[in-house]
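**Student:** Quick one: this structure, given as structure tokens, is what I'll be asking you about.
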């Protein structure tokens, strides 16, 4: 798979810093949180970091598949819903976490389930941003973010194209 024109590769260190920055922003809201719902799979890593930083013990997941081939969004499928106890009070006191909001389609489905929950993502694109309450970094809609769990180390060709100087 080749990189698109606008690629945003994120290292583990950068992602950890950004997820902690998201936790700082949420902590600044000075609210009591009863649980976190991680949108799988991308929300699992930031949810773990945010839970640790905010002292939240109760973690739930919701699984909505949209990227079936890692290149374009397909039909949205809810593969696993949210437990009934967290749906009480329309999600009040719950943080919903994902790595990224792209088109906002995933967030819209979860927001229907939990309209009073607080939605937080590490990264946000313009189309999905209106559905998110707190995020850290905005990237353009045509940028593809490469997360550290999707990458490995590979040889990089020199900028000069291998010319000796």
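Using N, Cα and C of the backbone, Cβ positions are placed for all residues, glycine too.
Copied straight from Swiss-Prot:
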BINDING   41, 42, 98, 99, 100, 101, 102, 103, 104, 105, 106  5-phospho-alpha-D-ribose 1-diphosphate binding site
BINDING   99  Mg(2+) binding site
BINDING   102, 145  xanthine binding site
BINDING   102, 145  guanine binding site
BINDING   102, 103, 104, 105, 106, 144, 145  GMP binding site
**Student:** Quick one: of the binding-site residues 99, 144, 145, which has its CA closest to the CA of residue 106 (5-phospho-alpha-D-ribose 1-diphosphate binding site)?
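**Tutor:** Closest candidate to residue 106 (5-phospho-alpha-D-ribose 1-diphosphate binding site), judged by Cα separation, is 99.
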**Student:** For the binding-site residues 103, 106, which one has its C-beta crowded by the most other C-beta atoms within 10 angstroms?
**Tutor:** 106
**Student:** Are there any residues at least 6 positions away along the chain from residue 99 (Mg(2+) binding site) with a Cβ closer than 8 Å to its Cβ? List them or say none.
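**Tutor:** Those within reach of residue 99 (Mg(2+) binding site), by Cβ under 8 Å and sequence separation of 6 or more, are 42, 43, 45, 46, 121, 122, 123, 145, 147.
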**Student:** Within its own chain, what residues at least 6 apart in sequence put their Cβ under 8 Å from the Cβ of residue 41 (5-phospho-alpha-D-ribose 1-diphosphate binding site), listed in sequence order?
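**Tutor:** Spatial neighbours, sequence-distant, of residue 41 (5-phospho-alpha-D-ribose 1-diphosphate binding site): 63.
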**Student:** Give the three-state DSSP assignment (helix, strand or coil) for residue 41 (5-phospho-alpha-D-ribose 1-diphosphate binding site).
**Tutor:** coil
**Student:** What does the structure give for the C-alpha distance between residue 100 (5-phospho-alpha-D-ribose 1-diphosphate binding site) and residue 144 (GMP binding site)? Integer Å is fine.
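**Tutor:** Pair distance, Cα basis, whole Å: 11 Å.
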**Student:** Counting only residues 6+ apart in the same chain, whose Cβ is under 8 Å from the Cβ of residue 98 (5-phospho-alpha-D-ribose 1-diphosphate binding site)?
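**Tutor:** Listed in sequence order: 38, 39, 42, 43, 46, 106, 107, 119, 120, 121, 122.
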**Student:** Using the residues the record lists for GMP (102, 103, 104, 105, 106, 144, 145), what whole-number Å value is the largest Cα to Cα distance?
**Tutor:** 17
